[in-house]
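Features of the protein shown, as given by Swiss-Prot:
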- THR9: active site (ACT_SITE)
- ALA166, CYS169, THR172: Na(+) binding site (BINDING)
Amino acid sequence: MSNTTLHATTIYAVRHNGKAAMAGDGQVTLGQQVIMKQTARKVRRLYEGKVLAGFAGSVADAFTLFEKFETKLQQFSGNLERAAVELAQEWRGDKQLRQLEAMLIVMDKDAILVVSGTGEVIAPDDDLIAIGSGGNYALSAGRALKHHASHLSAEEMAYESLKVAADICVFTNDNIVVETL
């Protein structure tokens, strides 16, 4: 990403004990040195509140993808997988979309999917996933919590996983927003 690109950082999603939660931090960074905003909201409810979506990457690019994904959700009556696959196909086939520098996590009560910057749709094996600069930290923390602290709720796991990422990654802050289904 260029030094003048605004980008956002860490999103984590988990399904646990019949509940789903997605967490995102609030930091938006300009280039590699300047924090432009600390209270951005990168996790959103879509399709009558039945779908959660979160982004990491270029803010402008992510909003473009949000809009396109929401259109696909409406077109396919809230079918998450179909909407994600159709978005990915459009993403791969459109020269302008292929230039976008963002990733999405989308989820409903039944599935979690990552729509990657190359137009791939990936379903995690273990009902949790993270993206962005702090994604590996959040994913590691989330796996540990899921395996060794299964008494926690999905919401608590999402929050604590993001908190660990914020403690380690300079591009992730602790202004954490968690949405649940």
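FYI, residue positions are counted from 1 along the chain as it appears here.
In case you wondered, yes, glycine gets a Cβ from its N, Cα and C as well.
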Item checked: Beyond the site residues ALA166, CYS169, THR172: chain residues whose C-beta lies within 8 Å of the centroid, for Na(+) -> THR9, THR10, ASP25, GLN27, SER133, GLY134, TYR137, ALA138, LEU162, ALA165, ASP167, ILE168, VAL170, PHE171, ASN173, ASP174
Margin query: Highest Cβ count within 10 Å among the binding-site residues ALA166, CYS169: which residue is it?
Written below: ALA166
Item checked: Cβ contacts of THR9 (active site) (under 8 Å, same chain, 6 or more positions away) -> ASP25, GLN27, THR29, ALA56, GLY132, SER133, GLY134, CYS169, PHE171, THR172
Margin query: For ALA166 (Na(+) binding site), which of the three DSSP-derived states applies: helix, strand, or coil?
Written below: helix
Notebook entry, point to check: Going by DSSP, is THR9 (active site) part of a helix, a strand, or coil?
Noted result: coil
